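**Student:** Handing you this structure, nothing more for now.
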Amino acid sequence: MLIDIIRAVILGIVEGVTEFLPVSSTGHLLLAERFFNLGEGNFWKSFAVLIQLGAILAILALYFVKLWRIALGMFTDANARRFVIGVLVAFLPAAVIGAAFGGYIKHYLFNPWVVCFSLIVGGAILLWVDQLDLKPRYHDATAFPLLTYFYIGCAQCTAMIPGVSRSGASIVAAMLLGTDKRSAAEFSFFLAIPTMLGAFVYDLYKNHADMTADNLIIVAIGFVVSFITAIIVVKTFLTYVTRHGFELFAWWRVIVGTLGLIALALGL
C-alpha cells in the first residue's frame, strides 16, 4: 500500500506539472511507466486518466469568477454565448476523432518510441513558432473568431498521438492564427475542460469495475496532488510565457525526447 501511495504522489505531481504545459502529460506519464516502473497494469493506466479530474478542477478554481459570469450570461450576453459555442466548436473535432479512432491510437501508438519522437518534433515546431515575428490580432481568449476556435480544435486532434501535447498543439495553432501567447495559453486551459472531462467520464465508465476501496484511496491521493500541483503550475506558467515565451518548454521536450531515445536504444 505504501508503494502504491508513493506511486500515486509521483504520478500526481507529473500530471499536475505537465498537463497544462506544452510538454505532453501523457507522454511523460508513459515514460515514467517505462523507465521507472511506475503505473504498470490496467488500474494504473486508468489512474493516469482519472487524476486528470484534479487538473480540470484546478482550472475551474482559478477561473471560477470568469467562467461563472460566462455561464450566467450565456442566454443574455452575445459575447458569452459566442465563447461557449466557440469552446464546443473547438471540442467537437477531438470528440469525433477520439470516438472513431481512440482505440486504434491507444493500441498502436501508445509506446515510448512514439512519445520520444513526438516530443522532439513537437519541441522543434514550438521553438520555431515561438521565434517567429508574429503580429497578434487577438488578445482575449474569450473573443476569438469562431473559425479560429474550430481550427484550434482541429490542431488539438494531433495530440491524440502521445508526446504531441494537447496544450502544445492548441497553443501553436492559436499563435499561428493570430493570438498572443497569453491568450493562446489561456484558451488551451479552457479547451481542456470539456476535452479532459470527456476522457475522464469515458475511462471511468469503461473501468469502474477496477475501482476497489483501496484503489479509490489511491486515486483520491493522486487527484489531490494533481490539483494542488496544477494550481501552482498554471499561475506560474502564464506569468512566465507572457514575459519569456515558450523556448524553455521547447528545449525541455527536445532534451527529454532525445534522452528517452538514447535510453531505449541502449535497452534501458
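Cβ coordinates are placed from backbone N, Cα and C, and glycine is handled just like the others.
In case it's useful when we look at the structure, here is the feature table from Swiss-Prot:
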type	residues	note
TRANSMEM	47-67	transmembrane segment
TRANSMEM	83-103	transmembrane segment
TRANSMEM	109-129	transmembrane segment
TRANSMEM	144-164	transmembrane segment
TRANSMEM	184-204	transmembrane segment
TRANSMEM	217-237	transmembrane segment
TRANSMEM	248-268	transmembrane segment
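Map the listed features onto the structure and describe their local environment.
**Tutor:** Outside the transmembrane segment (144-164) by six or more residues, the chain places 24, 26-27, 30, 82, 85-87, 89-94, 97-98, 101-102, 105, 109-110, 114-119, 122, 138, 170, 172-174, 177-179, 183, 187, 191, 195, 257 with a CB less than 8 A from a CB of the stretch.
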**Student:** Which of 83-103, 109-129, 184-204, 217-237, 248-268 has the most Cβ pairs closer than 8 Å to the transmembrane segment (47-67)?
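**Tutor:** So the stretch in question is 217-237.
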**Student:** If we skip the immediate neighbours and take only residues 6+ beyond the ends of the transmembrane segment (83-103), which ones have a Cβ under 8 Å from one of its Cβ atoms?
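**Tutor:** For the transmembrane segment (83-103), the list is 70, 74, 142-144, 146, 149-150, 152-154, 156-157, 160, 170, 187, 190-191, 193-195, 198-199.
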**Student:** Can you find at least 3 Cβ pairs under 8 Å between the transmembrane segment (109-129) and the transmembrane segment (217-237), where each pair is 6 or more residues apart in sequence?
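**Tutor:** They are not in contact.
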**Student:** Six or more residues out from either end of the transmembrane segment (184-204), which same-chain residues have a Cβ under 8 Å from its Cβ atoms?
**Tutor:** 19-20, 22, 46, 49-50, 52-53, 55-56, 59-60, 63, 87-88, 90-91, 94-95, 98, 141-142, 144, 152-153, 156, 166-167, 170-171, 174-175, 234, 237-238, 241
